[in-house]
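Undergrad: Supplied in structure tokens, the structure appears directly below.
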């Protein structure tokens, strides 16, 4: 119930909604998830694997039914291909991690001799909902940075012509609670309200700057001038060191990672990792 309360609060519903979360996640048939990998570093899966409330074993065995995930599966080769084909016969949520290479006919990204676009095009349109997890899946990520030789794009750009409208859980990596909260919303209330970038407003409705614990220093004109400076040690605002918090929509200051910490609290400027094309638009990441 502690986890259900945390999810309810993250969704903006308050602790009173926790029983509904519990009901959705303890149904006889747990929500089936088919998780596809494309051009990425697996950092989004790493973030999910390192969640502590619940731990990943509880998450994939008790909360959701992870019926296909190439990183977690014990099988390989033909057996895994068969598992995918069986999983997409039923009612499932498709989660896509990583950008989709479209250049040269999809040559730059293949699994089992099939290109990543073809696999996603087979699976995603059959799902009752599609979630693009991480900035690579949502906007292309680092693979799409100039000059983008592989022609990598986000899920909606690649699959939109097939009628796919993915929910974008942006971030590099995203907070796993934003993913779980989205699944819960789909189960209890249907499609969440999305912003113009396709992100759930309940998680991406405010800027990092709006909720930053260093905001008082920004308003007072108190800025860290260099890393390791006395001002930095006092927790002064990191804006002059390159912080992109005013331009970045995410709930990092509220949700933290594993409810423990987040980059700005640890002394590192926000790099706008949940924004479209952040590798190109927001480089260089440091001003010092």
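Numbering starts at 1 and runs along the chain as displayed.
Using N, Cα and C of the backbone, Cβ positions are placed for all residues, glycine too.
Note that the structure is a prediction, hence the values are computed from the model and not measured.
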Undergrad: Given that Swiss-Prot assigns 41, 44, 136 to the [4Fe-4S] cluster 1 site, pick the one from 94, 172 that the record assigns to that site as well.
TA: 172
Undergrad: What are the non-local neighbours of residue 136 ([4Fe-4S] cluster 1 binding site), defined as same-chain residues 6+ apart in sequence with CB under 8 A from its CB?
TA: 38, 39, 40, 41, 44, 97, 98, 99, 142, 143, 144, 152, 154, 172
Undergrad: Where does residue 237 ([4Fe-4S] cluster 2 binding site) sit in DSSP terms: helix, strand, or coil?
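TA: Where residue 237 ([4Fe-4S] cluster 2 binding site) sits, the three-state DSSP reduction gives strand.
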Undergrad: Starting from each candidate's C-beta and looking 10 angstroms out, tell me which of the binding-site residues 172, 212, 237, 243 has the most other C-beta atoms.
TA: 243
Undergrad: For residue 209 ([4Fe-4S] cluster 2 binding site), write down the residues of its own chain that are at least 6 apart in sequence and whose Cβ falls under 8 Å from its Cβ; none is a fine answer.
TA: 215, 218, 245, 246, 248
Undergrad: What does the structure give for the C-alpha distance between residue 237 ([4Fe-4S] cluster 2 binding site) and residue 252 ([3Fe-4S] cluster binding site)? Integer Å is fine.
TA: 16
